[in-house]
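What follows is a short report on a single structure.
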Amino acid sequence: MAARPLPVSPARALLLALAGALLAPCEARGVSLWNQGRADEVVSASVGSGDLWIPVKSFDSKNHPEVLNIRLQRESKELIINLERNEGLIASSFTETHYLQDGTDVSLARNYTVILGHCYYHGHVRGYSDSAVSLSTCSGLRGLIVFENESYVLEPMKSATNRYKLFPAKKLKSVRGSCGSHHNTPNLAAKNVFPPPSQTWARRHKRETLKATKYVELVIVADNREFQRQGKDLEKVKQRLIEIANHVDKFYRPLNIRIVLVGVEVWNDMDKCSVSQDPFTSLHEFLDWRKMKLLPRKSHDNAQLVSGVYFQGTTIGMAPIMSMCTADQSGGIVMDHSDNPLGAAVTLAHELGHNFGMNHDTLDRGCSCQMAVEKGGCIMNASTGYPFPMVFSSCSRKDLETSLEKGMGVCLFNLPEVRESFGGQKCGNRFVEEGEECDCGEPEECMNRCCNATTCTLKPDAVCAHGLCCEDCQLKPAGTACRDSSNSCDLPEFCTGASPHCPANVYLHDGHSCQDVDGYCYNGICQTHEQQCVTLWGPGAKPAPGICFERVNSAGDPYGNCGKVSKSSFAKCEMRDAKCGKIQCQGGASRPVIGTNAVSIETNIPLQQGGRILCRGTHVYLGDDMPDPGLVLAGTKCADGKICLNRQCQNISVFGVHECAMQCHGRGVCNNRKNCHCEAHWAPPFCDKFGFGGSTDSGPIRQADNQGLTIGILVTILCLLAAGFVVYLKRKTLIRLLFTNKKTTIEKLRCVRPSRPPRGFQPCQAHLGHLGKGLMRKPPDSYPPKDNPRRLLQCQNVDISRPLNGLNVPQPQSTQRVLPPLHRAPRAPSVPARPLPAKPALRQAQGTCKPNPPQKPLPADPLARTTRLTHALARTPGQWETGLRLAPLRPAPQYPHQVPRSTHTAYIK
């Protein structure tokens, strides 16, 4: 298929397509016209858009536009390339470092490099959806163009200002090299290292880690030999290193990984560590220098050395596998084997893949690659050359997923600080810079409903637009888990309630005991001999007895050693360090399960008491770019309180974990930043006060507490509502019980007449009058004392049961008459609860019983009460209804009419 022509009408385009299919079979098969010539294509370049195109003569070193359209044209063929400046490539903390003659380092901040301008672009070929472009305009147009499954290199011609060479990448001058590993070693350091998590957590963590963008804060170092090969031009070397990073960033974008360059360093005076043709020695020397010198002065995740030294054999790079984010192994070395920076970029991407846990793509793995082998294949091929690979295979993606799920790359989830992108601030570059509330890209590509793509501001009612702690344009509550722990040595992170971003990943301090595993944490991973045996030999494998480690690893040969001294010599293990050399196992599969080039090394050791012990080791025919997978991994427990470090069994006290844990008062653990991660209900930083748990690094643990508090409040509210509803329904009954039935002290002592007399009720005025007369005729000495009014009222309760009939009761002579004082009578028992008998004799007998005294004293004026009683007796029936009511609560006894009144007198005793 030819390059897309200038825009034409749809009908004409259809006719041209049909004619092309009939007359140009080779083009119909997808073979580009740009690839049919044997010699390099010489093209002219121009910039512009539409019908206005200006020839490219040179670019101003200080002015590189944010968006650039380039047209490459030769005769009737043309390519239009749409480019955007790769704003996220260089962090705001980016520094350039070189050295003076006396060895003093000079670090220049971003404000210096902005003078040179940001001249690194990513883009695509117009009309080709699967195309990819990575170019630099620092010194003319230079870079990589991929379309129609072909890779092309664009380079400026020395003899012309706007003439360029465009040729297939397979013609690029390069030294064909090999990573040297021809076996499949999937997940050597990762597979089965941890107990399998629950399926729910595995699915959730997989979605989170794969969906979230990972950021590798990278430092690239050029050794002295590279500086010399580039003509000792310091600026040229720096631009070359940044261009390499620009290509690598393009390679890793499909994996949702961004390469953020935080620094470049050039050893222009001398090498800062030993760099020789032995790649193994050079790698370890560089990693030691990074740990001791570079890390303390420059924070970063990974460092790569680009060397101008030609390594021995076919090795063009080397890196430890699954070592990303570690302090001692997160790095690699790369040989700059091509005139074009693309060659070193492909090798650096390969070695960085090893750091990510990716293994080589081999035939027995059945990997799927979008690019055919003759067109370059995939980046993790064991052997690389030309054409250069540009994509990752399905195996690489799977290895990366497995490594992330195992806890690798704990440092990759924090967004690097970006106050202002290198080269200037721009709305639409997907980086939230100073003064911006959000940035979702250009308006035509923005899919974020919380962000205004035109102004990079939040929409109305939106609080946030990006981040794991932002949901539906609102901040998640404090204590919401945003990143769970991935293994027994990892710590969870929680939203703070104030930021849309999840806190940076933290893990247990090195030397901390693993949870539920007999081992110690190291770089956020729990390593044990048993897990490594399962990795090498499959399920059922276990570590061999200690005598196997001691006998085999004391040999100092390829099958038993404590690491390499050089490329061809091995170190013997001391007795105390034997469990830090080649791992020895028992059981498992009949042969190693890590790859086709791994063989079993079996050793029989006789015992003094008879018999033999079978020790099984592993030897892998490696290249030179990867360490021996049969060696015990760093951080593995080798004795109680000791772990393997640098092939030596060392005490965990070297990490200072106990001193760090003491400040947590036994209510928390120490994380890798030497801060306390407190239990729930205890507050950081020292877990000595009540709080919400967590740490100053990972946010508060409040999710469970919030749920409990919310549930408690809801239950309380529901109970109150239910109680209020019941009260409302029973309000009349409650009011009657609480208010209408209450009596005062005096009212409780009074006899209240029933409001409605029972059936058959007879007025009792006659009886009351009869009794009243008797009382009048009673001798004075028979009455109770004047100062004791209780007898009168109690006797009234006993005998005066009903009002008297006013017709039969004679009216008293005077209402002012006062009854004579009553003498104290003998105490009588309580009044019977049933009516008195009809016979007078029985009534008289019952009168001898003395009733119980009242529970509360009567008022202090009995005389006045007696007077009122007399007045009440003299009232008429009409007056009686409204007067003082002295009727008892029980019905009055029925007296027979035939009882003579003259012969009976009721005595009140």
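Glycine residues also receive a Cβ, built from the backbone N, Cα and C atoms like all the rest.
Database features (Swiss-Prot):
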| type | residues | note |
| --- | --- | --- |
| MOTIF | 177-184 | motif 'Cysteine switch' |
| BINDING | CYS179, HIS350, HIS354, HIS360 | Zn(2+) binding site |
| DISULFID | CYS325-CYS411 | disulfide bond |
| ACT_SITE | GLU351 | active site |
| DISULFID | CYS367-CYS395 | disulfide bond |
| DISULFID | CYS369-CYS378 | disulfide bond |
| DISULFID | CYS482-CYS502 | disulfide bond |
| DOMAIN | 656-688 | domain 'EGF-like' |
| DISULFID | CYS660-CYS670 | disulfide bond |
| DISULFID | CYS664-CYS676 | disulfide bond |
| DISULFID | CYS678-CYS687 | disulfide bond |
| TOPO_DOM | 730-909 | topological domain 'Cytoplasmic' |
| MOTIF | 828-834 | motif 'SH3-binding' |
| MOTIF | 834-841 | motif 'SH3-binding' |
| MOTIF | 885-891 | motif 'SH3-binding' |
| MOD_RES | TYR907 | phosphotyrosine |
Spatial neighbours of the domain 'EGF-like' (656-688) far in sequence, C-beta under 8 Å, 6+ residues away: 491, 506-512, 524, 694-698, 701, 704-705
How many of the residues that make up the domain 'EGF-like' (656-688) does DSSP mark as helix, as strand and as coil? 6 helix, 9 strand, 18 coil
In sequence order, which residues at least six apart in the same chain have a CB under 8 Å from the CB of CYS369 (disulfide bond)? ASP361, GLY377, CYS378, VAL391, SER393, SER394
Name the one residue among HIS350, HIS354, HIS360 whose Cα is closest in three-dimensional space to that of CYS687 (disulfide bond); these are the binding-site residues. HIS354
Could you check which of the recorded positions (CYS325, HIS354, CYS367, CYS502, CYS660) sits closest to CYS676 (disulfide bond), going Cα to Cα? CYS660
Between CYS502 (disulfide bond) and CYS660 (disulfide bond), how many Å separate their Cα atoms? 25
By a simple count, how many Cβ atoms lie within 10 Å of the Cβ of CYS676 (disulfide bond), its own Cβ left out? 26
Whole-number Å only: compute the distance from the Cα of HIS360 (Zn(2+) binding site) to the Cα of CYS678 (disulfide bond). 42
Within 10 A of the CB of GLU351 (active site), the number of other CB atoms across every chain shown is 25
Using the alpha carbons only, what distance in Å do you get between CYS325 (disulfide bond) and HIS354 (Zn(2+) binding site) once rounded? 13
Confidence summary (mean pLDDT) of the domain 'EGF-like' (656-688): 92
Work out how many Å separate CYS678 (disulfide bond) and HIS350 (Zn(2+) binding site) at their Cα atoms, rounded off. 40
Taking the Cβ of CYS664 (disulfide bond) as the centre, how many other Cβ atoms fall within a 10 Å radius? 22
Mind giving me a neighbour count for CYS367 (disulfide bond)? Other Cβ atoms within 10 Å of its Cβ, every protein chain shown. 21
Indicate whether CYS378 (disulfide bond) is helix, strand or coil by DSSP. strand
